[in-house]
Amino acid sequence: MGKNLSLRQDDAQHALSANTSSAYNSVYDFLRYHDRGDGLTVNGKTSYSIDQAAAQITRENVSWNGTNVFGKSANLTFKFLQSVSSIPSGDTGFVKFNAEQIEQAKLSLQSWSDVANLTFTEVTGNKSANITFGNYTRDASGNLDYGTQAYAYYPGNYQGAGSSWYNYNQSNIRNPGSEEYGRQTFTHEIGHALGLAHPGEYNAGEGDPSYNDAVYAEDSYQFSIMSYWGENETGADYNGHYGGAPMIDDIAAIQRLYGANMTTRTGDSVYGFNSNTDRDFYTATDSSKALIFSVWDAGGTDTFDFSGYSNNQRINLNEGSFSDVGGLKGNVSIAHGVTIENAIGGSGNDILVGNSADNILQGGAGNDVLYGGAGADTLYGGAGRDTFVYGSGQDSTVAAYDWIADFQKGIDKIDLSAFRNEGQLSFVQDQFTGKGQEVMLQWDAANSITNLWLHEAGHSSVDFLVRIVGQAAQSDIIV
């Protein structure tokens, strides 16, 4: 599925105007958060789509299946070296991996096999391996090396292919479990050993590269763990934290080489609080946890649970989108081809945006804005003054209508301001006149349900319906 387009975002005549409310405008803006590709220019650079970025990151066209072989699975071996006669680069001062490094490297390997058709089997002793791990401490001249971080070699049939090397003088390399940058480094170097390149033509130790050298706009940690450049270059903010698993463009890139792993999390998965994923980067146990991830999920009915945060959050369930979670910006994304059905906000003033699936959105405490989009959605505002936004007749049809499950009369609002662009809306009491742009509230006292109907201009029949648990008044509707 693509991004939810029912909020009139593809129609110039429905651009933001004085006709639409601040709640509608906040959703409209959020749906354009990190728009990419399609000829856009961002930061003075060409913007790449996910597929374009994946092609760029795999431009060497090498994998463990050979050259120019795409979408083919691979069963690989890995090894933690115990001793070496030499290091391919000429560096010296070999040190074998410590227990903490081994643990973190295995988690990095797991994060790659979660998203692509890769299996990793550890070997020991004299057995050779596709991917190897070792530390160094000195450069080729025997001097202590404090400048470099790590490096790795692409797949192939040459001496050193698939080997990865880490500077043991760096504290985040020696203790990667306590310093997020160490885990990020392991995942980055394993990416190279699997065939992924940097998004641009740069390398450590070659001049003084910067984001100015980026080939395309989305070359940052926000989009790729293979990047050199901080997430702030593309408008995100991780507040000094680092991601430790493949990001949205990395997932597309590694799947281009080895195919997508369609056995990963096929059940009902929860990401964030109350997570059942058994992955540390998908799991929050308290509000201090900085979640930085791109989700890959192969099936089931899945939930983003960000209920433990008190920050104002923006949560978008559309594939390819980014969310602002737990006080960070642009820190959670959804990989291409993934459907997340449900979202739970926290106690701040949140914006929740659904996709074309039948979503369950729960705002929680705070003054929240909920937009379900297409599909038959169930919306819970929770405590606070909440606004339920509708952008077009496609958002809640007679055949697939939304439920607003906890509406508070006189407190919550239902926002129909987007429909003003077709002409001023007016209320009718018992039946429509046929003129269009008419709204009718129908109270079902026996079941304590309000039916909200809307007949749009230019439509031969009434095809917009929202069902509301509880009674709503005309003053609760923004028209």
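Using the three backbone atoms N, Cα and C, a Cβ is placed for every residue, glycine included.
For the Zn(2+) site, Swiss-Prot records HIS188, HIS192, and the single candidate of TYR136, TYR146, TYR228, TYR238 listed with them is TYR228. According to Swiss-Prot, GLY382, GLY384, ASP386 bind Ca(2+) 7; the candidate from ASP358, ASP395, ASP402, ASP412 that the record adds to this site is ASP412. One way to see the shell of the Zn(2+) site is to take the Cβ centroid of HIS188, HIS192, TYR228; the remaining same-chain residues with a Cβ within 8 Å of it are ALA152, THR185, GLU189, GLY191, HIS198, ILE225, MET226, SER227. Report note: the Ca(2+) 3 site is defined by GLY346, GLY348, ASP350, GLY363, ALA365, ASP368, and the residues of the same chain whose CB lies within 8 Å of the CB centroid of those residues, excluding them, are ASN312, GLN313, GLY345, SER347, ASN349, GLY364, GLY366, ASN367, GLY382, GLY384. Put simply, of the binding-site residues HIS188, ASP297, ASP350, GLY366, ALA383, the one whose Cα is nearest the Cα of GLY372 (Ca(2+) 4 binding site) is ASP350.
Of GLY348, ALA357, ALA365, all annotated as binding-site residues, the residue with the shortest Cα distance to ASP402 (Ca(2+) 6 binding site) is ALA357. The Cβ of ALA383 has fewer other Cβ atoms within 10 Å than any other of the binding-site residues ALA357, ALA383. Summary for the binding-site residues GLY373, GLY382: the Cβ-based neighbour count within 10 Å is maximal at GLY373.
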